[in-house]
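Quick look at what TrEMBL lists:
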- B:21-42: transmembrane segment (TRANSMEM)
- B:21-243: domain 'MacB-like periplasmic core' (DOMAIN)
- B:296-317: transmembrane segment (TRANSMEM)
- B:301-418: domain 'ABC3 transporter permease C-terminal' (DOMAIN)
- B:342-369: transmembrane segment (TRANSMEM)
- B:389-416: transmembrane segment (TRANSMEM)
- B:437-458: transmembrane segment (TRANSMEM)
- B:688-713: transmembrane segment (TRANSMEM)
- B:692-805: domain 'ABC3 transporter permease C-terminal' (DOMAIN)
- B:725-753: transmembrane segment (TRANSMEM)
- B:773-794: transmembrane segment (TRANSMEM)
Amino acid sequence: MIKITNLEKTYRTEDVETTVLHELNLQVQEGEFVAVMGPSGCGKSTLLNILGLLDDPDAGSFVFDGKETVGYSERRRAELRKHAIGFVFQSFNLIDELTVYENVELPLVYTGVPAAERKQRVKEVLDKMRIMHRRNHYPQQLSGGQQQRVAVARAVVNRPRLILADEPTGNLDSSNGNEVMDLLSELNEQGTTIVMVTHSEHDARYSHRIVRMLDGQTVAENILT
Amino acid sequence: MLRHYLTVTVRNLLKHKLIAGINLFGLTTGLTCCLLILAYILHETSYDRRVPEAERIYRVTRDFYNPDGAATLQLSAVAPVVGPLLKNDFPQIEKITRLLLFSPVVVRHADRILTEDSLMFSEPAFLDMFAVRMLSGDARTALSEPNSLILEQSAARKYFGDQDPMNQELKLDGRIACKVTGVYQGLPENSHLHPAVLVSFSTLNDSTVYGERNLRTSWSNNAFHTYLQLPAGYDARQLEAQFPAFLDRHQPQNKRATDYVRPSKMTALQLQRLTDVHLHSNRADELEPNGDVNRVYIFGIIALFVLLIACINYMNLSTARAALRAKEVGVRKVVGAQRSEIILQFLGESVLITAVATGLAVGCTVLALPWLSRLAGTALPPQLLWQPAVLLGLLVLPLVVGVVSGLYPALFMSSFQPQQILKGFTKISGGLAFRRVLVVVQFVVSIGLLVSTAVVGLQLRYLRQAPLGYDRAQIVTLAYPLPLRPQYEAFGQALQQQAGVQALARSSRIPTGRLLDASDAAAGIGDSLRPTSANVKYLGIDEGFLPTYGIKLAAGRNFDPKAFPTDTLGFILNATAVRMIGWKSPAEAVGQAFRYGGVLGRVLGVTQDYHFESLHQPIVPMVMFLSSATSRSSYNYVSVKLAGGNVAGSLQHLERTWKEFLPDEPFTYTFLDESYAKLYQAELRQTLLFSIFAGIAILIACLGLFGLSSFAITQRVKEIGIRKVLGASTSTIVMLLSSDFMKLVLVAALLAFPLSWYVMHRWLQDFAYRINMPWWVFPLAGLAAAGVALATIVSQTVSVARANPVKSLRTE
């Protein structure tokens, strides 16, 4: 599903140049659950941003579903993103002015799903995340675990084939964290491919494969079963 | 999608009530100012456009020139011969009509005696050309017979109450009996003339009224307002080009002139578009005071400025607020929003807010129009705004203003990169330079308006308080009707029996009026009598005039016909006349021979200069002489100087005496102070409106600064915390936060000073007598703007600077 070859990414400010990714290679199969680990600054998040088409590599190739995405216009990337990719963030990133229901509905609004169908699909996913009873609350009125469940609901409501999770349990206590990891596993079992960046060995064990990164390159892989 | 955006917009507004309030208030106020000014402009530009063929109707005007070619007199009317001769010589003229204002005049019906201020003799074609609607009588015949007249409906009520006025008789000036042959609907308010009574022009043929011969031959009585209608598509300049030849063909040569001078060298006729009269004409003897196109421009510019400031507030506050909405933008992009969708969302928000503001502004405008009408002194009905073009404009306005003010914030916010924002980099530093430019623009406009308001106010104060050279306090002016002439001596004695009456005088014109009458003058210089090139205006006065008005003599003496009967051949000049004629001093002029309008006499005295006309006009050379059988002047006014104290009692005495001597004349008086105030009424109103709109502009600008500084402070809470931990005091932090904004105000002041200096310098040039540019106004306006800005910022910084740093550091 994902094939990355010789990826390069450098950030430049006026006088400092920082190479974040260097000759990075990675493949992810359809239905896989991959955890990316490594110390701070090793390039995990940049990798995730490129996978999510939020950022552009400087060089190298990123083939998604057999199609080269490097050089895609902003418009095509947004198209691909909204149909195929869901995101889960460490800090949840819910819109404060929208209710739980509206936050989850948002991706459907942008993909132009008709209102009636939207209603049904949001209800479905909220039920599944066991957060339906909170649908009219605003994010500030929820606990961290609940907020992350809403974020996961939002990530999956469009039925994406790939979920990118950036330290999804980083802001949660262990019981809430486990709950979220269970949810992701469940989604993976139902066929969704997941790439997760994490610092937590515990969370990484939920995955099929751990990719370890250092200084912008993959240095090791552990296959878990 | 639309509902979704609407929800987000409303929730955002409710969440940030202060900013939403500032934006809504600013836009509403800005738009209200614009709509109010628009109503005013629409009214001013609508004058005479209701006349069906307005674009084809022209007024004939006349200029007079000095031998050196400078215009000495610009009249809005022409001599009676001009109209018929034009019609005769130029067959392309389709219609022509003459009007002669014959007011104020006493009109009598049975025992009802009233003074009519707007009675005109009119040719029948007037009714057709100006589309006058008859309520009774026949427009084709109503003005065809001599001694017939038609009444405007309110005038009909005034004279006849509920009675039918048709075929009733009115007596004009105690001698001209006329029959009412019609009643017409008054011309609309936005018309440059409003005759209350129209008398048939043929009445003038009677030699006791004016005389058929005079009508046919007079080139000098330029009192006939003459309008003509040209064919559609005809270029008026073509006709105008033939006027010099026309004058040379018809106007007789000046008999007194030594060498033959072609009439077209001394005078000219022009065509003035009917629709230009109100805004573009400020000639002598206008039928009513006109507007001024410059005023229309000035207010138009102010309206745009106020709106600009409000738009800038919106841009500034929205961009500053961007940090708060960065996460929203990031999330939207992550879940698949295109940049264009984000731009549309933010533009939609600003259009929505502007639409709400427009709605509110329309309401405020309707409420404020009566107030503006009172201030502007003209009727401004809300109907002015209910025309298709304006309504369409109101629909488009939110779109335009919304897009103008929302585009930059929308472009700015939609450019956020989600990967950074969502990682928690919420400090948005971009757009800062642009916001600074906008703040500078706001303050340039505000400071400029402050300076202008101050200069205009000072100039007007100068006009009101400038020494005039005569005393206008407690002077009452009255008409000098024919029946008073034989008994004036006795009338004066009766008046002065009461201590309240100090002095009285007669004159052909009274101060605050214009000085328009002139004749040829020749002055004795050395041994010879030399014609003077100065255009000397004349004023008929009696011996009481100078003392009544407290006008001081620079040399010589006042008239004293009782002691010196030959004073009827004497002249008194003003100092300007002496200087322009070429005498070295007033004393040198006294005793010299002087010939004026064919009368040869001597200079008896020279007055110090005094401002007979308004301060818009320079002091002109003038000659004063007694009215007598040999002079052309006759008295038209009586001026009475009252003592201070019991003015009401003196007025009662005045009225009693008047009624006793003149039982058939209405008693109508005017205080000279009031006439004087009227001279500057237009400017006074303009200044008041100007100050109000300038004040609003500054208020909106400061509100914007308030919002902006509150955001700047929120953004710097952490910095403030760190500085405090490191030992900064409250005052240094307040200084630090304020200095950023104060620098902008300083830059704005430096830009605003030269701009406003230039504009106000130009404005002052319109006054013959004006203040020097008051330099201190500039620093004062700068300080005022800086003061308000500083107060705004300090009010917010102090609490933040005093706060416990631990708290602010924890917020990160």
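Counting starts with 1 at the first residue shown.
Backbone N, Cα and C atoms are what each Cβ position is placed from, and that goes for glycine too.
No curator has checked TrEMBL annotations; they are predicted automatically.
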- request: Considering only the recorded stretches B:296-317, B:389-416, B:437-458, state which has the highest number of Cβ pairs under 8 Å to the transmembrane segment (B:21-42).
  value: B:296-317
- prompt: Near the transmembrane segment (B:389-416), which residues from the same chain, at least 6 beyond its ends, have a CB less than 8 A from one of its CBs?
  reply: 27, 31, 38, 42, 307, 310-312, 314-315, 318-319, 322, 325-326, 329-330, 333, 339, 342-343, 345-347, 349-355, 357-358, 362, 428, 430-431, 434
Secondary structure composition of the domain 'ABC3 transporter permease C-terminal' (B:692-805) [DSSP: H/G/I, E/B, coil]: 95 helix, 0 strand, 19 coil
- line: Confidence over the domain 'ABC3 transporter permease C-terminal' (B:692-805), expressed as mean pLDDT on the 0 to 100 scale, is 84
